[in-house]
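Here Swiss-Prot flags 156-166 as compositional bias 'Low complexity'. Feature annotation from Swiss-Prot assigns N-acetylalanine to Ala2; the stated evidence is similarity to another entry. Annotation comment: Swiss-Prot describes Ser4, Ser5, Ser8, Ser28, Ser31, Ser187 as phosphoserine. The phosphothreonine annotation in Swiss-Prot covers Thr25, Thr69, Thr85 and is backed by similarity to another entry. Annotated region 'Disordered' per Swiss-Prot: 1-32, 58-88, 156-222, in sequence order. Per Swiss-Prot, the feature region 'P2 (binding site for SM B)' maps to 240-267. The region 'Required for interaction with SYNCRIP' feature in Swiss-Prot is assigned to 279-294.
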Amino acid sequence: MAMSSGGSGGGVPEQEDSVLFRRGTGQSDDSDIWDDTALIKAYDKAVASFKHALKNGDICETSGKPKTTPKRKPAKKNKSQKKNTAAPLKQWKVGDKCSAIWSEDGCIYPATIASVDFKRETCVVVYTGYGNREEQNLSDLLSPISEVANNIEQNAQENENESQVSTDESENSRSPGSKSDNIKSKSAPWNSFLPPPPPMPGPRLGPGKPGLKFNGPPPPPPPPPPHLLSCWMPPFPSGPPIIPPPPPICPDSLDDADALGSMLISWYMSGYHTGYYMGFRQNQKEGRCSHSLN
């Protein structure tokens, strides 16, 4: 009995000595592990030194810019000015097709160079289809109107394609079923919605003919811009040209832009046909007077 009790009593101290760590029995001195004060100070010091260096660098760059930029710009301008002044003298000659600005209305018309004065850098142009002559500066002459029109059409086509892609994407997200109808309505040219201009008078009553008192080449006015039409005119996929419809009756569905567009279009069409009728009657009267004198 004494040996068994002694053996059991001697085994307990061996088990207690084999325990290395027991949680919760004491306070561990590991609070310094989460102390990042030194790290924060080092970060703040690095950021402050970087900002200081960056500030000094900006001051040096801005102070050096004004010294270099003024020297480069005059050289580019002089080159472009030399090209512009030398091009008209070498480009234009008698018989060339060009476009010139009529001094009375400021519009561009196709013309042909009749004579050139290289000393004065001027020329005399004859407006195609009218016979009017006018002196122009060689530097003011423009490319033939066909080339200008082609460039304008290409730019307009590119802009229309870009706007069509953007509108198609937005409309597809709203109403996928109406995609074919929208494409058909957009493919039609915008100027087909306007009534066609009145036919020009016959060869006996045209402007620029002998016996008539037309001072300049008054062509029919161009149609209104497409953005003005789009704000008030509903799209028509097909059909013959029609008269612009009146504005809607309901005032709630009509905003200021739509009302202004409708008013301007009505004024434009009224003045267009009124001016044509008055000019046509004047041509008839002057034509009769010239025939009676002959």
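Heads up, the Cβ atoms here are built off N, Cα and C, so glycines get one too.
As a summary of secondary structure, the region 'Required for interaction with SYNCRIP' (279-294) carries 15 helix, 0 strand, 1 coil according to DSSP. The average per-residue pLDDT of the prediction over the region 'P2 (binding site for SM B)' (240-267) is 68, rounded to a whole number.
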